[in-house]
Amino acid sequence: MHPILNDIRLVAFDLDGTLVDSVPDLAAAVDAALADLGMPPAGEPRVRDWVGNGSLKLMERSLRDVLGRDPDAALLARAHQGFLDHYGRDPSAHTRLYPGVQEALDALRDRGLPLALVTNKPSAFIAPILAAFNLQAHFGLCLGGDSLARKKPDPAPLRHVAAHFDVPPAACLMVGDSRHDIEAGRAAGFRTLAVPYGYNHGEPVRDSAPDGVVESLAELV
Ligand SMILES: O=C(O)COP(=O)(O)O
Ligand SMILES: [Mg+2]
């Protein structure tokens, strides 16, 4: 067992870039939404750097890149709805679990540790993606970017999770791929663990000074 798990009684995981490589499906939906508006595709490499603050921000960044300026509210709303429609058709078609994720989640569950999922992704997509990998039963609570009034890097979702399971924040661990996860975790009083393989706006997540870094979640267990 990884030493960071000593005294930990609850583990909260980020989804995109931590458990699943979802950029192929996210980029396909972004590009389809842009195509509906007669705009050129963004492509996976750029979408990878724009993921992390929820779907509205993702479309705002995509439109800003095409237009060279901020989109107006009506255009952004149309583009965002297009993204939700396209992504919702099959949000896991080309999405894959990262190596080590299955064994880590299985081992933590078998130890009886409560697990939570805290993503900035709209909550409607959580269940279909977890179901595609048979992971729904692993998580006692799942929060999306629209579940509460505030999303990561705000600590509110993590505080909510700790209170839900009645575990003091100091005995909780946040595992994520981006600075939003580490900042939210630190602000909530959680321990923090980062994976370097996900999406962090093109920057090393180590720069956010997490309490630990693992190359694969297999190292956790
Ligand atoms: O949808 C996003 O922007 C990122 O989602 P995540 O919080 O699971 O990384
Ligand atoms: Mg992430």
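Using N, Cα and C of the backbone, Cβ positions are placed for all residues, glycine too.
Where the annotation comes from TrEMBL, it is an automatic prediction and has not been curated.
The annotation active site, nucleophile is assigned in TrEMBL to Asp14. Residues near Asp14 (active site, nucleophile) in space but far in sequence (CB under 8 A, at least 6 apart, same chain), listed by position: Leu117, Val118, Thr119, Lys152, Met174, Val175, Gly176, Asp177, Ser178, Asp181, Gly198.
The secondary structure of Asp14 (active site, nucleophile), as reduced to three states from DSSP, is coil rather than helix or strand. Summarising the annotation, TrEMBL assigns Mg(2+) binding site to Asp14, Asp16, Asp177.
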DSSP state at Asp177 (Mg(2+) binding site), helix/strand/coil: coil
Give the number of CB atoms, excluding that of Asp16 (Mg(2+) binding site) itself, located within 10 Å of its CB. 23
Cβ-based neighbourhood (8 Å from the centroid) of the Mg(2+) site, residues Asp14, Asp16, Asp177 excluded: Leu15, Gly17, Thr18, Leu19, Gly52, Thr119, Gly176, Ser178, Asp181, Val195, Gly198, Tyr199
